[in-house]
Amino acid sequence: QLSFKTENKRMKIRAKILIQKCYLNVFNGIFLALGLMLLTFGLWLFFDRNNLFSVLFSSGENQLVAYISCMLLGIGSAITFTSAVGFLGSVKEIKCLLVTYMSFQILVFVTQMAILVLIFMKKEEVHNQWNNRIDEVISEYGNESLAEQEHMWNILNAVQHNMECCGRYNVTQWERNKNKENSTQIPCSCIKSSLNKWFCDVPKDSTYSMGCEEYLNTWFENNVLILTAITISLLITQIPLITLTGQLFRNIRKNNIWPNE
């Protein structure tokens, strides 16, 4: 029969275990929600062919969007699996699952740190590629031999029409386009027109004077900011998760030792 002192110690440990399980499951839920955000972000990039990033970086040899989406899908899936392991391990108090969970947490933490460093190191390079690709699309716009790129041109038209802008920096950029019937033509989306064709004959002073660069850069920066915020939030959440898992593991082991004394 256990002594009163031993029973009291065991009760205190059980109380700690219950509190730690509660906090662990709360943080694990936050961790899972953030992981699902990454998974959703990756699915959006992978399947939505109407977003600018996918359109600009999914053609030809440039498969940047495919790499990013696969990376996000992989991490999001790993986080979902890890959260399930952690939940099962804490509820059932299975020590081997808690060790596995903590190991996965450390692995994901290191991976997230690498991604965060990569985002800051490659952001400017990707942004320059972003602008270069927009310029390429503008130069190729309306080329009958590149009919497979019409999807890109339609999205560019939608941007120019909806944001009432023309070209990346201004309307003069369209002078470089060699696919027009004459040099004075500009895309019909650069004016308030519903004509269903690539170019229109209109005077320059009737076109949208502002370039689309500000809108395009804002769109790019917002998406990078969202991805960075999710990554940082995951890192912050993982610190208490790893700590709580270690403490819970120790207390469960202590609790299992008491009956043998």
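From the backbone N, Cα and C atoms, a Cβ is placed for every residue, glycine too.
Automatic, uncurated: that is what TrEMBL annotation is.
Remember, predicted model here, so these are calculated numbers, not experimental data.
Per TrEMBL, the feature transmembrane segment maps to 21-46 (among others).
Same-chain residues lying 6 or more positions outside the transmembrane segment (66-89) and placing a CB less than 8 Å from one of its CB atoms are 24-25, 28-29, 31-32, 34-43, 45-46, 58, 95-98, 100-101, 104-105, 108, 111-112, 115, 234, 241, 245. Annotated transmembrane segment per TrEMBL: 66-89 (among others), in sequence order.
Positions annotated as transmembrane segment by TrEMBL: 96-121 (among others).
What TrEMBL lists as disulfide bond is Cys166-Cys188. Around Cys166 (disulfide bond), taking its Cβ as the centre, 25 other Cβ atoms fall within 10 Å, counting all chains.
TrEMBL lists 224-244 (among others) with the feature transmembrane segment.
For Cys188 (disulfide bond), the Cβ neighbour count at a 10 Å cut-off comes to 20, with all displayed protein chains included.
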